[in-house]
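As recorded in Swiss-Prot, the features of this protein are as follows:
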ACT_SITE  Pro2  active site, schiff-base intermediate with DNA
ACT_SITE  Glu3  active site, proton donor
ACT_SITE  Lys58  active site, proton donor
ACT_SITE  Arg262  active site, proton donor
BINDING   His92, Arg111, Arg153  DNA binding site
ZN_FING   238-272  zinc finger
Amino acid sequence: MPELPEVETLKNSLKDKLIGLIIKNIELKRDNLRYNLSPLLTTEILNTNILNVRRRAKYLIIDFGNYYSLVIHLGMSGRFTVQPANYKIQKHDHVIFDLNNCEKLIFNDTRRFGMVYSFKTNFLEEKFFYNLGIEPLSDLLTLEYLKSKLITRTIAIKNLIMDNKIIVGVGNLYASESLHLARIHPHKLGRNLKDDEIENLIKSIREVLTKAITAGGTTLKNFVNGDSKPGYFTQQLRVYGREGQKCFNCSSTILKTKNSGRSTFYCKTCQYT
């Protein structure tokens, strides 16, 4: 599933292309993705300038001059790309936005877990995003904040940093990578972390996410940016997907465990409990 670095990469690839343009028409190739499209995707976003392209958590947001916003969630396999006027519609292209420069914005989603909404902009923070946690790359992620969230829960640290009500956008892959960099065992209870471990974890989360954004995100299967280019952070993965291979730090074997359908990768030597 695309996480914060992938959506940030998508935002960066689309921002300069879209600001100032106008959506002239919306074509739906099916009635629903995760939810029905017609009541959630309205015509208020037509014929008004695009003012901004931004990200909140794993949502891509396109703001319009009439105080409406288009909100996209890529789900498991979504792609949101700019295509030329002569583009031929593909099998899983579900929503087509015609732009006033004759290009097209295409939402493609093989597994159909993605979402495309339009709302009044002020509705987003008040109702839609109100229960989301803080952005991990912001100054709000501090020792005091994270410690206050850990101390009241008897949950493994990996699950805690993946909780979008605490920190947004740190999915399974980036949680595994961040914990390896911080040398913290993923199954260690969050409440048992010392202050220096929490500070090191915050630093590691930021470092991993920043490197992933610089590399254009991680493409394991479906992800591409707005120019249809894949991400290359895959080449920098230290533990994720490397079960049975040697740890780059100590040459111990990378282990894999599974919990609630999620795989966790770690080094038992570097990441002690």
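Placed from the backbone N, Cα and C atoms, the Cβ positions cover glycine too.
Structural mapping of features recorded in Swiss-Prot.
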{"residue": "Pro2", "record": "active site, schiff-base intermediate with DNA", "contacts (Cβ under 8 Å, 6+ apart)": "Leu10, Lys58, Leu74, Gly78, Gly217, Phe223"}
{"residue": "Glu3", "record": "active site, proton donor", "contacts (Cβ under 8 Å, 6+ apart)": "Lys58, Gly169, Val170, Gly171, Leu173, Tyr174, Thr218"}
{"residue": "His92", "record": "DNA binding site", "contacts (Cβ under 8 Å, 6+ apart)": "Asn108, Asp109, Thr110"}
{"residue": "Arg111", "record": "DNA binding site", "contacts (Cβ under 8 Å, 6+ apart)": "Gly75, Met76, Ser77"}
{"residue": "Arg153", "record": "DNA binding site", "contacts (Cβ under 8 Å, 6+ apart)": "Leu160, Gly190, Arg191"}
{"residue": "Arg262", "record": "active site, proton donor", "contacts (Cβ under 8 Å, 6+ apart)": "Asn172"}
Taking the Cβ of Lys58 (active site, proton donor) as the centre, count every other Cβ atom within 10 Å, in any protein chain shown. 21
